[in-house]
Structure formats: C-alpha cells, structure tokens
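Below is one structure; the comments refer to it alone.
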Amino acid sequence: MESIWTRCLPASVNRQLLPLKAHFFFYLAGQACVFPYLAVIGRQNGINAATIAIIFSLTPLTAVIIKPVCGFVIDRTQNATAVIVFLQVVLVMFHGIVFFSSSIKAHTDSSFTGYLNCNSSQLVISNSSSASCVVSGARESSPLSCNLTVFEDRRSVGVNVTGASDTLVNLNGVSNICGKDSVNGNVANETYAVLRCPCDTTLYNGNFWIYTVSVVVSWASSATLYTVTDAAVCELLGDNVNAFGRQRLWGTISWGIVSPLIGIMIDEASNSSYTDYKPGFYVFAVVMVLDIFLLLRMPRLRTADLSLNLFKDVATLFCNAEIVLFTAWTFIVGALIGVLWSFSTWYLEDLHASKLMIGLSNTVMSLCVEVPLFFVSNTILERIGYFFSYSAAFLTFSIKFIGYSYLINPWYGLIVDIPGGAIFPLAYSAMTVFAKRAATPGTTASMMCILGSTLEGLGTAGVTKPLCARIKMSKISLCVC
C-alpha cells in the first residue's frame with residue numbers, strides 16, 4: 001500500500017526504486033564523513049607516508065576475496081538485504097576503531113641540532129631530514145617535552161615544543177638558559193644547540209596493527225557494499241539498466257552536500273596543533289543507523305535468477321575476449337582512482353587547505369560534474385559505448401593529475417576538480433552497465449563483484465600507491481606515466 005507522499009508523485013516516477021535512491025543518499029552521505037580522512041588519521045597517529053602507502057596498497061586486495069564471496073552468497077541465497085545490513089554493522093564498528101585509534105609512537109630520545117634564536121625562542125634545525133619526529137610530536141594535543149643543550153658550555157634546560165615545521169621548532173622555556181647565559185656573555189643571539197626529544201622508533205606495536213586491521217576491514221566492507229547495492233539496482237532496472245546512473249546520482253548529491261559540512265565541523269572541533277576528526281564518525285554512525293532502518297523496512301533486495309552451475313558459468317564468461325579486455329582496462333582505471341582516493345586529502349593538507357576547502361573540492365566534483373553526468377550516463381553509453389567511456393575517463397585523469405602537479409594555492413584546485421569530477425561517473429557507469437549486460441542469468445552479482453574487485457581491489461592496490469608515496473606529492477602527475 002502506497003504512502004500519502006508517494007501517491008503525490010508523478011506517474012512517471014518508479015516508486016519501486018525510491019527506497020534504493022534513499023539508500024544511495026544515506027550510504028554515500030555516511031561515506032563522505034569518513035572515507036576522505038582514513039589516511040590522514042594514520043599520519044596524525046604517527047605513520048609515515050611510505051607505510052601508509054603500503055597499508056592502502058594491501059587493503060583493497062581484501063576486496064578481491066570478499067566481493068566474489070558476497071556475490072556468490074547473494075546469487076545462492078537471493079538475499080542481498082541481509083548482506084548489506086551485515087556489512088554496514090561491520091563498517092560502523094571498524095570505522096569507530098579507526099577514528100578513536102591512539103598514537104602508534106614508542107618513545108626514545110633522538111637528537112636534533114640547529115641554531116637557537118633567543119629573541120624568537122626558536123630553533124632552526126640543520127639536520128632537517130630528521131625533523132619529522134619533532135613535527136609529528138608537536139601535532140599532538142599537548143606540547144612535546146624536550147631537553148635543550150647549548151654547545152658552548154653544555155648547559156641544559158627542559159623546554160616544551162609548542163609548534164614545528166620541517167626546519168623550524170617553536171620552544172617554550174628557553175628564557176631560563178638564554179637569560180642566565182646572556183648575563184655571563186656566553187650566548188649570542190643565535191648559537192649552536194642540540195634538542196633531544198622523545199620520538200617514535202618503531203611502528204609495529206599494538207596500536208599500529210589495530211589501525212591497520214580496522215582500515216583493511218572497513219575499506220573492504222565499504223567497497224563490497226557499493227557493488228552489492230549496484231547488483232540489486234541493476235536487477236530491478238531490468239532491460240533499462242542504462243538508467244543506472246540516474247539512481248546512483250542520489251548518492252553523489254548527498255556526498256556533495258555533506259562533504260563541506262563535515263569539513264566545517266572538523267575545523268571547529270580542532271585547534272592549531274591537533275585535528276579532531278571524530279565529528280565525521282559521529283555523523284557517519286547516525287546516518288548508517290537510519291540507512292539500516294530503511295533497508296529493514298523496504299522489500300528484500302535479491303537477484304532475479306539462480307544459476308545451477310555458478311562457477312562454470314562465470315568461468316565461461318571470461319573466455320570472451322571483450323570481457324577480458326574490459327577487465328584489464330578496469331584494472332588500470334582502479335589503479336589511477338586509488339591514487340586520488342588515498343592521497344588527494346593528504347596532498348591538499350600539505351598545501352595548507354582547510355577542511356572546508358577539502359569538502360568543497362568534493363562538492364564541486366559531485367554536484368557540478370558527477371550528478372549531471374550520472375543523469376545523462378544512459379545517453380553517453382548509448383552514443384559512445386563502454387570502452388570510449390573509459391577512454392574519456394583516462395583523458396580527465398590526465399587533466400586532473402597534471403593540474404594538481406602545478407597547484408600552489410589549494411583554492412585553484414577547485415578549477416581542476418571540474419574536469420576531474422568526470423572521472424568516476426564515466427568509469428563507474430560503464431563498468432556497472434557492462435557487467436549487467438555481459439552476465440548470464442544467475443551470475444549478475446558475481447560478475448559485478450568480480451569487476452568491482454578488479455577496480456577497487458587489484459586496481460586500487462596497484463603499484464601506483466607505493467610509487468606515489470616515494471615521490472614528491474607536488475609531482476603527483478608522474479603517477480599517470
């Protein structure tokens with residue numbers, strides 16, 4: 001029986017798809033609250049860029065296993081709703097662990113030499129390659145306690161590090177040593193000194209593995225949820241599967257709306273020395289509860305047919321050269337998307353972009369570009385086909401990577417994000433519709449999960465992430481090569 005508000009809708013509106021549009025809206029709204037911040041939380045906890053790259057390279061590989069398994073379960077049980085709800089509960093649990101995870105640093109004394117300026121209470125570090133320890137320590141919520149020694153007479157005093165960059169450390173308490181020695185004429189305005197601070201020496205402790213495992217599980221669950229939902233939507237669309245983009249765009253709308261709001265909330269909850277990302281998780285948890293309630297109230301999602309020989313039917317599909325070639329292209333797309341997903345927020349933070357600006361970057365891509373392209377994806381696929389849609393995505397990849405590589409003012413990145421926003425709708429619509437068209441009866445969910453694991457598993461975990469972690473982020477365009 002229809003509700004009052006659905007009866008007021010035009011007859012052309014497919015009421016059967018309204019709950020799925022709402023699911024896309026809620027789920028992507030929740031993801032906008034947490035997904036862009038997974039890597040930067042690891043950095044704030046003391047994990048360096050190379051290690052983050054390794055974590056996020058291996059993480060998507062779990063989706064290679066989980067996605068086909070979930071696809072098999074759905075094709076055999078004909079119950080996609082149960083799988084989606086289970087994965088959402090897992091998401092809330094493990095995202096919570098990530099956002100409340102502690103620093104991974106184990107402390108020992110490390111030394112940093114430089115020139116002490118008594119007037120400004122600053123130390124200019126000469127061995128700047130080691131200054132990352134002080135910088136990461138100064139980002140904690142409380143000042144970092146260190147010991148300062150002047151070379152001239154070996155006089156030492158305890159000081160607090162109140163802020164730091166790669167080469168400059170702000171100190172509190174140097175007046176004790178500067179005042180005494182200035183009277184004796186022993187210390188000039190600038191003098192050589194050594195700063196000893198407690199710094200991290202190992203990453204492999206309990207907190208590190210708690211963060212890593214939680215990121216792995218949450219990423220794999222999130223990626224699988226996308227594919228499982230897409231399979232259910234394509235089954236409901238039937239022969240009109242090219243209209244998939246018009247359903248998916250509601251998630252894009254919510255992503256674009258929520259992203260800047262979460263950025264503002266994080267900025268308000270943070271201070272100059274510590275960024276508090278927890279508001280993002282709080283909103284995420286509330287939205288996920290609403291989405292689970294919606295899924296439990298709507299008709300059960302399922303796939304239409306049951307294959308009697310599922311593994312044999314899927315293996316037969318990959319004897320088709322077109323499917324094999326499309327899968328290879330999907331791998332390349334996933335590798336390039338993986339760089340953007342994992343390092344865009346990190347890169348913009350390095351350019352001193354506010355969380356509001358990072359959120360607006362997602363808004364520009366989502367509302368200004370992705371929504372229109374998802375809406376006309378049916379026409380695009382009918383006119384140019386799946387492979388040319390991928391080719392257009394590769395072109396927009398090049399524009400975004402090259403534009404970001406020359407970026408100095410992060411606000412100009414919003415201009416680069418306009419063509420960059422075309423990447424996801426062009427590639428994702430083509431992949432989803434191709435999977436539906438190519439699948440034989442009873443293998444739709446499995447086929448989508450295989451292509452999805454190629455995009456967000458094998459592709460996203462490609463060699464581009466470790467490569468990008470070892471090159472200067474301002475030259476991120478090298479990843480296109």
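FYI, residue positions are counted from 1 along the chain as it appears here.
The backbone N, Cα and C atoms fix where each Cβ goes, and this holds for glycine too.
Features reported for this protein in TrEMBL:
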DOMAIN    18-461  domain 'Major facilitator superfamily associated'
TRANSMEM  20-40  transmembrane segment
TRANSMEM  52-74  transmembrane segment
TRANSMEM  80-100  transmembrane segment
TRANSMEM  249-267  transmembrane segment
TRANSMEM  279-296  transmembrane segment
TRANSMEM  317-344  transmembrane segment
TRANSMEM  356-375  transmembrane segment
TRANSMEM  387-408  transmembrane segment
TRANSMEM  414-435  transmembrane segment
Task: Recorded stretches the transmembrane segment (317-344) and the transmembrane segment (249-267) touching, at least 3 CB pairs under 8 Å - done: no
Open item on the list: Short question: most Cβ pairs under 8 Å with the transmembrane segment (356-375), which of 52-74, 80-100, 279-296, 387-408, 414-435?
Closed with: 414-435
Open item on the list: Check the transmembrane segment (279-296) against the transmembrane segment (80-100) for contact, please; criterion is three or more CB pairs under 8 Å, pairs 6 or more apart in sequence.
Closed with: yes
Task: Segment-segment contact (the transmembrane segment (387-408); the transmembrane segment (414-435)) at 3 or more Cβ pairs under 8 Å - done: yes
TODO: Could you tell me the mean pLDDT over the domain 'Major facilitator superfamily associated' (18-461), as a whole number?
DONE: 77
